[in-house]
Structures are given as structure tokens and as C-alpha cells.
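Colleague: Let me give you the structure first, and then I'll get to my questions.
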């Protein structure tokens with residue numbers, strides 16, 4: 001089988017053995033299927049949020065009271081930038097034999113991800129200081145749960161990345177690590193997609 | 001820190017008083033049975049020195065066939081428990097007319113909660129996951145599922161959930177909130193104890209496992225089919241497995257969300273479903289039934305697949321209307337997501353919404369009707385052999401149509417207003433689930449048992465089981481339609497209408513017959529094991545089968561097929577037999593790579609159990625430890641690359657040629673003589 005035929009569609013795994021290309025098909029497809037399942041989770045949390053933001057206020061703060069557009073803007077910029085840097089890491093994996101640029105782009109991704117989580121935590125602390133805790137109303141429960149679930153996914157992605165940083169140095173895992181980086185990339189980009197939905201429904205609608 | 005704080009830190013809410021003996025005799029008896037059963041298994045394994053065998057051959061295996069069998073073992077254990085609970089509930093309702101009966105109202109509530117939860121999550125789901133696990137890869141000509149490790153993790157998460165439900169019989173109490181766990185009753189102010197938490201974590205563990213399993217099944221069906229096995233050449237059971245898997249992928253997350261939000265309410269004081277501060281129970285109803293309705297079709301579709309295989313095999317005919325069957329399955333899968341609201345017609349939405357969902361619900365009758373006609377037309381003009389699985393199929397066709405009609409009645413919102421939450425509803429869904437799912441699973445177990453173990457099940461006891469189950473089902477559930485129309489509500493621990501008595505006692509008799517049916521299945525298994533030499537079918541095709549799973553020895557080798565077949569049409573094995581090429585030697589053998597055994601999935605399941613048990617009792621340190629161990633297991637696995645072992649071509653050639661030689665030397669029997677001891681696994685159509 002020629003190299004061209006066995007390449008996986010989209011951003012693929014680059015210069016490595018044919019066996020790895022063969023293996024990429026089912027594992028990438030499987031991960032797409034998992035992501036569909038995970039998206040159902042976010043869709044339901046968004047639906048819950050939209051119901052609660054209308055009917056679950058209970059005399060407490062409204063979406064307008066808890067929306068900090070400036071902070072949301074910074075968070076969006078950080079997360080989109082991290083998706084860009086991960087894209088660059090994927091391209092480096094595909095086209096460069098040298099591992100250094102790939103690692104550098106992934107480190108940048110991780111730092112941007114950590115900064116995003118930092119801003120999100122700051123938002124949460126600020127809300128808590130104003131007395132807007134999730135126990136206050138159904139709306140705030142939904143607000144914290146939706147954002148928290150996304151934040152938890154970002155954290156999980158960061159832990160995953162940390163494990164991969166270690167594994168890049170473990171001999172004998174190269175093929176597996178390359179496949180895992182491809183899957184982590186999909187996961188990371190999906191979190192961007194979810195964030196855009198959150199930005200729209202939580203922050204832009206909230207501020208309006 | 002005083003002693004109370006220290007005790008809480010170490011043991012959470014767990015106290016000596018949560019351990020047996022229980023307040024009433026029946027509960028103490030049940031707890032003792034669980035303990036004695038567990039001890040019995042330990043003693044048996046120790047005396048027969050089978051621990052090492054159990055661990056190295058079974059528990060650590062990633063072989064889809066062994067995982068499938070282990071799922072079915074879980075299903076049978078849980079079936080036994082839930083059937084006994086059902087019999088106890090029938091007894092209670094029969095005797096509790098103007099009298100307290102045999103169990104307390106609280107205990108009765110625990111019984112209907114565990115009966116429902118166990119039957120759905122820990123009997124039906126493991127049973128169908130087990131059969132799909134065993135059969136589907138064989139049918140599509142695959143060596144294993146795409147992700148064998150994930151498959152084992154799914155099994156052990158389900159096992160952990162089942163273990164949690166069993167432990168709740170011994171330590172503390174289970175939920176009394178019904179299998180659907182409706183808030184606000186399941187919120188802290190109304191259910192402060194550990195019961196609802198047991199329910200939440202048991203269900204969460206199994207739903208996570210099922211999501212993983214669904215992904216695995218779907219990817220396997222898309223990616224691992226043998227060369228030439230196009231989608232429209234798949235056997236019907238493989239088709240229903242695919243649609244079931246897709247439903248699992250999309251329908252299990254709503255359940256996980258529902259239980260997770262309920263847990264946030266209970267553990268962190270959130271207000272998703274509470275009565276106050278903006279909580280809204282209807283959010284739960286929507287989330288739960290967005291899972292719950294497709295779940296009904298997760299339960300029924302694999303059974304539809306089994307009926308298609310059983311009816312076409314024992315009619316000696318091709319399945320009538322193959323394509324219409326496939327399209328019907330796909331339609332049912334899609335429609336199953338559009339009807340969830342019929343589960344709460346009476347909860348206050350507008351008449352227009354009810355009308356839309358009522359019509360959507362009735363529409364499912366169309367593709368289902370297509371399937372029923374196709375099955376009937378498969379039998380029409382066929383040469384029927386009324387073996388035990390086929391008898392179950394015939395009972396299914398009669399009873400399922402009846403249940404379907406009651407479903408069409410219930411789909412009408414005005415009718416639903418008058419009979420909802422009555423025994424009419426209980427009769428309806430048992431009418432669908434027992435002949436539909438459970439009979440399907442039992443038929444599948446009998447149909448594929450010789451494939452899995454190399455010997456047939458004893459037929460007489462199979463027919464006795466069929467008789468008891470069928471008559472028992474009719475006697476136990478048809479009276480409930482009447483009782484429902486008379487106005488008797490479900491989940492009633494005590495009634496005050498003496499005229500219910502004859503109907504309730506009839507139902508009680510039916511429950512007794514079902515217990516006999518379960519007993520007959522156990523006897524059948526024991527008798528068959530004893531007579532396994534006489535019943536052996538090593539060649540592997542005892543019923544003149546149509547699809548690929550019959551084209552390998554019984555039991556099949558670890559790698560399923562020595563050489564993957566090339567598929568040119570539907571009913572691949574029939575085609576091979578017709579051309580006389582079923583038992584030809586392949587031109588060439590090659591090495592086969594298979595996954596190695598590993599104990600990690602068992603460890604991940606055990607850690608999941610520890611985490612869930614600790615969360616139930618608020619033992620935070622153990623919960624954190626369990627969660628860390630679960631993820632640690634996954635991370636540890638990712639540091640290894642030697643997952644596989646290679647089976648050399650020479651060994652495969654030796655094993656396969658031995659099987660082929662045996663197959664060629666075996667005298668075929670006419671398929672009408674398939675129950676004869678002369679059937680060594682080579683049944684053929686009379687020439």
C-alpha cells in the first residue's frame with residue numbers, strides 16, 4: 001500500500017510507519033464518536049442553562065448581573081489562541097521530523113489553557129464574593145455547572161497533555177503518542193466549539 | 001478533633017447499625033442470602049482450586065467472547081434477584097387487602113425501586129451487551145471489538161454498579177424513589193438517607209460503562225467487517241446491534257447528566273430539581289426520559305435481531321424482506337428520540353404538545369408492524385422446527401402484538417390521563433419487555449449457547465422453561481390490565497377493595513410460574529452440563545445456520561476465524577454451504593495478533609466500586625482514592641505498548657486443519673433431527 005493511500009484524512013500523523021497509519025483509522029473514528037457523545041452532554045447542560053436562566057432566577061441575580069463581557073472576551077481570546085497553537089503543533093507533527101517545534105507549540109497551548117482556567121477561576125471567585133453562589137438559585141446552579149463542566153474538560157485536557165509530555169520521552173511509545181496527540185487535538189478543538197456556544201448563550205445573550 | 005469528627009472523617013455516615021440484622025425478617029433473609037451466596041462462591045472456588053483459573057482465564061481476559069459470557073453471568077445473577085423481588089411484590093399485593101401484608105410500606109418501596117433498577121440496568125442491559133459482545137464480531141467476520149481494553153472496562157464498570165446494588169442489600173438501605181428516581185422526592189429533604197445515593201452511583205457507573213460499550217460496538221461494526229461484508233450484507237442481528245450502539249452513544253449521556261445534576265443537588269446544595277429557589281422537577285423529567293425512551297429501544301432492538309435470526313433459521317428460510325427489516329430498525333432508532341414526552345403527558349404541558357408527541361409515539365407502530373409481518377412471512381411456507389427458542393419466538397409474536405396495541409391506546413393523551421400510573425401501565429410495559437426483551441434474551445442464550453460452549457442445551461427442560469415463562473407471563477400480567485382499568489394504582493403497598501383479590505391472586509399464580517420458569521432454566525443448565533458429551537456439537541453448526549458465527553468450531557478459537565472470509569452476499573455461511581465450500585482448507589495461513597490479558601480493567605472496576613460506595617456514605621478520602629485509582633489505571637495502561645501477543649501461523653494451521661478434518665469426517669444430520677445425539681454440529685437441509 002502506498003503511503004498516500006494509508007494517510008488518514010485531515011491533519012494526519014505524519015512520517016511514521018504504515019502500521020501507525022493503519023491504526024489511525026479506527027482510533028480516530030472511535031474518538032469522533034466519543035466526541036459526539038460528549039457533545040450531547042454539553043447540549044443538555046446548555047438546554048438546562050437556557051431553561052434555568054428564564055425560570056430559575058428565584059429572585060436572585062439575573063444573567064445580566066453575572067455577565068462580565070470583558071473577562072469572557074479575554075477567555076475567548078486565550079482559548080482560540082490555544083486552538084491555533086495546537087493546530088501548529090499538529091502541523092509540526094505532520095511535516096517536521098524535528099520534535100522540538102511540536103513540543104514548543106504544545107507548551108504554548110498548555111500555558112494558554114492554564115491562563116484560560118485562571119481567568120475562569122477569577123470569575124468564579126468574584127461571583128462568590130458578591131454572594132452569587134450556585135446554591136443561591138437554579139439559574140446560578142446551571143451557570144456554574146455548565147462553565148464548570150467545560151473547565152473540567154479543559155483541565156482534563158491539560159492533564160492529558162502533561163501525560164503526553166512525559167510519554168514523548170518514553171521509548172517505544174512513539175506511534176501511540178502520535179495517535180494520542182491527534183486525538184487530544186480533536187478534543188481541544190471541540191472544547192473551542194463548545195466555548196463558542198457558551199460565549200453566545202451565556203455571555204452575549206446574558207449581557208444583552 | 002473530637003471522636004465524632006474522627007469517625008465521620010474515617011467512616012463518613014457509615015455506622016454499625018447500618019449492618020445486618022435488619023429491622024424485618026425478609027430483609028435480613030435477603031442480606032443473609034447475599035452474604036451466604038458470596039461466601040459460597042469463595043468456598044467453592046477455594047475447594048476446587050479454581051482461583052488462578054478464574055483470574056487468568058476469565059477475569060483478566062480481553063476476548064470479546066469471554067467478556068460477553070461474563071456479562072450474561074451478571075445478567076442471570078441479577079435476574080434471579082429481581083424475579084424473587086417481583087414474586088414478593090405480587091405476594092404483598094395479593095395479601096395486603098385491608099391488611100398490612102408481609103412487608104412494610106418502606107420495604108415494598110425498596111422492592112419496586114430495586115426490581116426496576118436491577119431489571120433495566122443490571123439484567124437487561126448486561127444481557128444484551130453480553131449477547132452482542134459474543135455474537136456480533138463473529139457475525140461480521142471480525143477478530144475482536146476495535147477496543148478490547150475499553151470493552152473490559154465497560155464490563156467491570158457494569159459489574160461494579162451491580163455489586164453496589166447487591167451491597168445495598170447488606171449495608172444500609174436502597175432508594176425508595178422508584179427506578180426513575182424522580183425528584184423532588186429523591187432530594188435531600190424527602191430522602192435524607194443513603195438510598196438515593198446508592199441508586200445514583202450504581203446507575204452512573206453502569207451508564208458510563210454502557211456509553212463506552214456503545215462506542216465500541218459502533219466502531220467495530222463500521223471498521224472491522226470482513227472483506228466484502230457491506231452494510232447491506234450484515235445479518236439482521238448485526239444491524240440491530242449497530243442501531244442499539246448508536247442509541248447507547250446518544251441516549252446514555254442524558255442519564256449521566258440527570259444523575260450528576262441530582263447528585264449536585266444532594267451533595268452540594270444546588271437547585272436543579274428542588275422545590276425551592278428556582279429548581280424545577282420538569283428539567284429532570286425531560287433529561288431522564290430523553291434517556292429513558294431510547295433506552296426502551298436499546299432493550300428491544302437486539303431482541304428484534306435475535307428473533308430475526310431464530311425465526312429465519314428455524315423456518316429454514318431466508319429472512320423475508322431483509323431491506324424492509326433494516327429500514328424498519330433504522331426508523332425505530334430515529335423515532336425513539338422523538339417521543340420521550342409521552343412519559344409525562346399528565347404533567348401540565350399544553351394539549352398541542354401532547355398531541356404532537358402522541359402522534360409521534362403511534363408512528364413507531366408502523367415500522368414495528370412491518371417487522372412483525374416480515375417475521376410472519378418468514379415463517380409462512382417455511383419448514384418450521386418448534387425448538388425451544390422458536391417457541392419463545394412464537395409466544396413473542398402473539399404477546400408483543402397485544403402489548404403494542406395497549407401502547408397505541410396509551411399513546412392517546414386523553415386515555416393516558418385516565419390510566420397513567422395505574423397497573424394498566426405496568427401491564428403494558430411488562431407486556432413489551434418480557435416477551436420482547438427477556439424472551440428474546442433467553443432465546444438468544446439457547447440459540448447461541450452451543451456456539452459458546454460446544455454443547456447444546458437440553459431441549460425438554462428448555463420447553464418446560466418456555467411453558468412456565470409463557471403461561472406465567474400471561475397469568476401474571478393480563479390481570480393487571482383489568483386491575484388498572486378498575487383503578488388500582490401501581491406501587492401500592494396496601495389496597496382496600498376486596499374485589500381485586502381474584503385478579504391479584506391470579507397474578508400471584510403467574511409470578512409463581514415465572515419463578516418455576518427461572519428454576520427450569522437453572523435445571524436445564526445443570527442437566528446439560530452433566531450430559532455435555534452426548535450434547536456436544538464441536539463442528540459448530542448445530543441448527544443449519546445462515547451467518548458466519550456458525551462457520552467456526554464450537555467453542556471458537558480465541559481468534560474466531562483462522563482466515564478471514566471473503567463475503568459475496570447476505571447469509572454468507574449459507575452461500576458457502578450451498579457451493580460446498582464451507583469446510584475447504586484455506587490456501588495460506590498467517591500469524592494473528594490478539595490482545596494480551598490484563599488485570600487493569602478489573603482494578604478500574606474495583607476502584608469505581610470503592611469510589612461509588614464511598615460517595616454513597618460520604619467517606620471522602622476513599623472516594624478521592626477510588627477516583628484517582630480509576631484514572632491512574634487508565635494512565636498506567638497508556639505507558640505500555642506491549643498489549644498484544646502473536647499466535648504463530650503454524651499453530652493456527654494445526655488447530656484449523658484439525659477442525660476442518662473433523663467437520664469433513666462428521667456425518668451430517670438432517671436439520672429436522674437437530675436434537676438427536678447424532679447431531680455433532682453439522683445439520684443440513686434434507687437432500
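Placed from the backbone N, Cα and C atoms, the Cβ positions cover glycine too.
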Colleague: When you get a sec, could you say which of B:353-376, B:545-568 is annotated transmembrane segment by TrEMBL?
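Modeller: Within the set B:353-376, B:545-568, TrEMBL attaches transmembrane segment to B:353-376.
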Colleague: Cβ under 8 Å, sequence separation of at least 6 from the ends of the transmembrane segment (B:423-449): give me the contacting residues as numbers and ranges.
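Modeller: Counting only partners 6 or more residues beyond its ends, the transmembrane segment (B:423-449) has Cβ contacts under 8 Å with 72, 75, 119, 124, 127-128, 131, 134-135, 296, 299-300, 302-304, 306-307, 309-310, 313, 387-389, 392-393, 395-396, 398-400, 402-404, 406-407, 410, 456-457, 462, 465, 469, 473, 476-478, 480-481, 483-485, 488-490, 521, 543, 549.
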Colleague: With a Cβ cut-off under 8 Å, give me the same-chain residues at least six positions beyond the ends of the transmembrane segment (B:461-483) that come close to it.
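Modeller: Non-local partners: 90, 387-389, 391-392, 395, 399, 406, 422-424, 426-428, 430-431, 434-435, 439, 442, 446, 500, 503-504, 506-507, 509-517, 519-521, 523-524, 527-528.
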Colleague: For the transmembrane segment (B:68-88), find every same-chain residue at least 6 residues outside the stretch whose CB is under 8 Å from a CB in it, and list them.
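Modeller: Residues 26, 58-59, 102-103, 111, 114-115, 118-119, 122-124, 126-127, 129-135, 155, 158-159, 162, 165-166, 441, 445, 452, 511-512, 514-515, 518.
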Colleague: So which residues does the transmembrane segment (B:25-47) touch in its own chain, when a touch means Cβ under 8 Å and the partner is 6 or more beyond its ends?
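Modeller: Same-chain contacts beyond the ends: 54, 88, 102-103, 107, 166-167, 169-170.
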Colleague: Which residues of the chain, 6 or more past the ends of the transmembrane segment (B:153-178), have a CB below 8 A from one of its CBs?
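Modeller: Residues 14, 18-20, 27, 30-31, 34-35, 67, 70-71, 74, 77-78, 81, 106, 109-110, 112-114, 116-118, 121-122, 125-126, 129, 185-186, 191, 193-196, 198-199, 201-206, 208-210, 212-213, 216, 491, 601-602, 604-606, 608-609, 612-613, 616-617.
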Colleague: Quick test of the contact rule: Cβ under 8 Å, at least six residues beyond the ends. What residues does that give for the transmembrane segment (B:284-307)?
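Modeller: Same-chain contacts beyond the ends: 120, 124-125, 128, 131-132, 180-183, 207, 235-241, 243-244, 247-248, 250-255, 257-258, 261-262, 272-273, 329, 332-333, 336-337, 339-344, 347, 371, 375, 393, 396, 432-433, 436-437, 439-441, 443-444, 447.
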